[in-house]
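A.B. asks: Structure provided below as structure tokens; questions to follow.
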Amino acid sequence: MVTHSKFPAAGMSRPLDTSLRLKTFSSKSEYQLVVNAVRKLQESGFYWSAVTGGEANLLLSAEPAGTFLIRDSSDQRHFFTLSVKTQSGTKNLRIQCEGGSFSLQSDPRSTQPVPRFDCVLKLVHHYMPPPGAPSFPSPPTEPSSEVPEQPSAQPLPGSPPRRAYYIYSGGEKIPLVLSRPLSSNVATLQHLCRKTVNGHLDSYEKVTQLPGPIREFLDQYDAPL
């Protein structure tokens, strides 16, 4: 699914501008969910705010497949769009915000459950392959939803079967792989260290053992990407 943004161009991420928001919030909790998502996205360094679909295509045109960014959606029903460079060019996927969670928009005819997350960063991380895993799986033989979920053909030895996702666009079946975010600015050393620490904290007990100020700093951005 390809979208085209109607928002004004902007090369860098910037504070939330409510004048650009055409979609209304369904509740106070949804408003808070989106505000928190924007705050973390601005910390991420790969939130390009109001760049257009055409500008996203230009930004990703010279990048390898798997490079991605998050931008504001042009669709009045959605807040964010995931733009990703695939083996068949740049594709734009809307990020839905419903029922207090975010998910990638999928084919409504699909009976498969769509992964949902309380944070856009968690959604992005879910679709990224683990370290050492092959980037692009072989397409399944049976068609499914627009972003369907199928077992990977060759999981790593000793690891559970990976899930592979595919984009169905214009009759094409394209692997959805998020390998590397496209940075919109230079990350601080503190942020780089925080991402590294987040990637090594695999249990809540480890987090509770850290000093209070460090825990608070990590809570402000709790993703390894």
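Numbering starts at 1 and runs along the chain as it is shown here.
Backbone N, Cα and C atoms are what each Cβ position is placed from, and that goes for glycine too.
So Swiss-Prot lists these for the protein:
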type     : residues : note
REGION   : 22-33    : region 'Kinase inhibitory region (KIR)'
REGION   : 34-45    : region 'Extended SH2 subdomain (ESS)'
DOMAIN   : 46-142   : domain 'SH2'
REGION   : 131-162  : region 'Disordered'
COMPBIAS : 131-142  : compositional bias 'Pro residues'
COMPBIAS : 143-155  : compositional bias 'Low complexity'
DOMAIN   : 177-224  : domain 'SOCS box'
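Could you place the listed features in the three-dimensional structure?
C.D. replies: Averaged over the region 'Kinase inhibitory region (KIR)' (22-33), the predicted model reaches a pLDDT of 83.
For the region 'Extended SH2 subdomain (ESS)' (34-45), the DSSP-based tally of helix, strand and coil residues reads 11 helix, 0 strand, 1 coil.
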A.B. asks: Reported in the order helix, strand, coil, what are the DSSP residue counts of the region 'Kinase inhibitory region (KIR)' (22-33)?
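C.D. replies: Looking at the region 'Kinase inhibitory region (KIR)' (22-33) with DSSP, the answer is 6 helix, 0 strand, 6 coil.
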A.B. asks: Could you give the number of helix, strand and coil residues in the domain 'SOCS box' (177-224) as assigned by DSSP?
C.D. replies: 25 helix, 2 strand, 21 coil
